[in-house]
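**Q** Here it is: the structure, laid out below.
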Ligand SMILES: NC(=O)CC[C@H](N)C(=O)O
């Protein structure tokens, strides 16, 4: 089992470190053909607009869509969550559109640029350390989306089938429990594939 981290921009090495520390093999994904090597993928935090530009530049849009549609698990953190949303409030189009949700970018930014919080994430971990940096908020979710965590009444982590996303950065802490939960999702799916 191998997990890829989209390595065009943003917090890439931090994800690789937590995956490796948790016993998973992790590689950086820079080209479409590398997607065939991995069973799961992380879309990291960074800047979603810059990431989207690079996705288009390196012709990764369709391959990423196909990867998601194949049922292989994808985890998006912060900008990664933005890339996975079907709808971005106040903007014309979403990006990869994997999760039926409306997301507002930089939603916490107006109050506080960055902060740390302790969150319970359903089915993942209690009292998880979460770092928020110009974080997006999930404003609405469709009927197939499971809300995993809220902070001050706002949705900050969701799951829809094989897609997991959070508006904070679990990779900027030493708390690997969210990565471990994702590794488990990928492992379970790989077992299904093998049979
Ligand atoms: N820390 C982050 O990933 C911030 C996300 C960024 N504000 C965006 O819109 O993409």
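Cβ coordinates are placed from backbone N, Cα and C, and glycine is handled just like the others.
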**Q** In Swiss-Prot, the L-glutamine site includes 46, 47, 48, 133, 134. Which of 17, 105, 177 does it also list there?
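**A** Candidate listed by Swiss-Prot for the same site: 105.
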**Q** Near the Cβ of residue 46 (L-glutamine binding site), how many other Cβ atoms are there if near means within 10 Å?
**A** 22
**Q** Among the recorded positions 105, 134, 169, whose Cβ has the fewest other Cβ atoms within 10 Å?
**A** 134
**Q** Among the recorded positions listed here (47, 171), identify the one with the smallest other-Cβ count within 10 Å.
**A** 47
**Q** What is the Cβ neighbour count of residue 48 (L-glutamine binding site) at a 10 Å cut-off, with all protein chains included?
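**A** That number is 26.
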**Q** So, in DSSP terms, is residue 78 (active site, nucleophile) helix, strand, or coil?
**A** coil
